[in-house]
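Engineer: First the structure, which I've put down as structure tokens, then a few questions once you've had a look.
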Amino acid sequence: MKQHLEYIDIAKGIGIIMVVLSHTEHPQMMYYTSAFFVPIFFFCSGYTSKRKNISILRCISQQAVKLLKPYLFFNLALIFYFQDFSLRAFAGIVYLRYCLYPFTNNSDIFRLMVVGNYPMWFLTCMVIAYLLYDLLIYYPKNRFGFVSLYLVITFGATFLPILLPWSLDTAPLMAVIMFCGTQVKESVPNIFDRRKPHWLIVLSFILYFLMLPFCHDINISVRMYGWSIPSYLLAALSGCIAIIWLSRLIQGTTLGKCLRQIGTHSLTIFCIEIPFILFGHKILSKILPDTSSIQIAIITSFTQLFMALAGGYFLSILLHMNGRIRKLLFGINF
């Protein structure tokens, strides 16, 4: 069962804005936030999760089904939208990674997710992360051993020549981040409800700024952790805590209400952002002059952001209007 908190939706809204910007014409704008804008969703999931009074197998199956249903629906929709029925397109949906080879070692990364569906690696990564997270929740006596194993797997996977299917190489670290969200909730209750920041929040701000020099070349979707896995983990956790506290500060404001709406519909935006991003680029390339300049690239990025957020938001509203579709696709508090 998940606890629904307004400021968590706001944090997700901030996260999805950063995710979309990282896919636009000038992704370098997100350099200083790349360490946490994906982990924020995992941290928030752990922060709001509670153990269910059901067996671990049933819990895992429920979580998997709720995430895989929108994954399959939006992938099929994108295949028909882009009219790409190639073997590679279907292989990407099954393998569930953007590419086969890491960026760092190969000139030809062999792209797999070729129908605008590459942000959806996140959903299947969360399926595996939930499975590993549930082991930590259901077997508390073995937590230290599980966390140690997850970190060893994460480190060992960096030596592999390929990216593993279903994010099996990065999901263990995401499960640790989810568990840290749960631990913050249990160890420091109501930490985000105080206007005067708790010492852990102050420490998080300081730690994140100290970690910034080590946050270059981060892209968790293709197993890029920046300077090191420990520095990435510290930056991710401190960034998540800082952003959630800021989200709590703006709760109830006009800005907070807008971000909450975006966060509530972040699942659809995540899945369907690429067609709107490409459409925005196509329109602006016909209107604006030299698209190679930084100024034009930034204008293009924010236009793409607006189109992706607006398009994804209104599509999500339409899908939610039908009770059967809503129950079929969105049976999870994302």
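Glycine too: its Cβ is placed from the backbone N, Cα and C atoms.
Marked as domain 'Acyltransferase 3' by TrEMBL: 6-320. Taken from TrEMBL, the feature transmembrane segment applies to 30-49, 70-98, 118-137, 144-164, 170-188, 200-220, 232-250, 262-284, 296-319.
How buried are these features, and what lies next to them?
Structural biologist: Residues 111-118, 120-121, 123-124, 163-167, 221-222, 267-268, 271-272, 274-275, 328-330 of the same chain sit 6 or more residues outside the transmembrane segment (70-98) yet have a Cβ under 8 Å from a Cβ within it.
If you look at the transmembrane segment (118-137), the same-chain residues 6 or more away from its ends with a CB under 8 A from one of its CBs are 19, 23, 38, 41-42, 45-46, 49, 51, 56, 59-60, 63-64, 67-68, 70-71, 74-75, 92, 96-98, 143, 146-147, 150, 166-168, 170-172, 174-175, 178-179, 182, 221, 270-271, 273-274.
Beyond the transmembrane segment (144-164), the same-chain residues lying 6 or more positions past its ends with a Cβ under 8 Å from any Cβ of the stretch are 97-102, 105, 132, 135-136, 170, 172-173, 175-176, 179, 222-223, 225, 229.
Long-range contacts of the transmembrane segment (200-220) within its own chain (CB-CB distance under 8 A, at least 6 residues past either end) are made by residues 31-32, 34-36, 38-39, 103, 170, 174, 184, 188, 191-192, 226-228, 231-232, 234-235, 237-239, 241-242, 245.
Tertiary proximity for the transmembrane segment (262-284) is limited to same-chain residues at least six positions away from its ends with a CB under 8 Å from its CB atoms, namely 8-17, 19-20, 23-25, 41, 70-71, 74, 77-78, 81-82, 116-120, 122-123, 291, 296, 299-300, 303-304, 306-313, 315-317, 319, 330, 332, 334.
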Engineer: Between the stretches 30-49, 170-188, 296-319, which wins on the count of C-beta pairs under 8 angstroms to the transmembrane segment (232-250)?
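Structural biologist: Result: 30-49.
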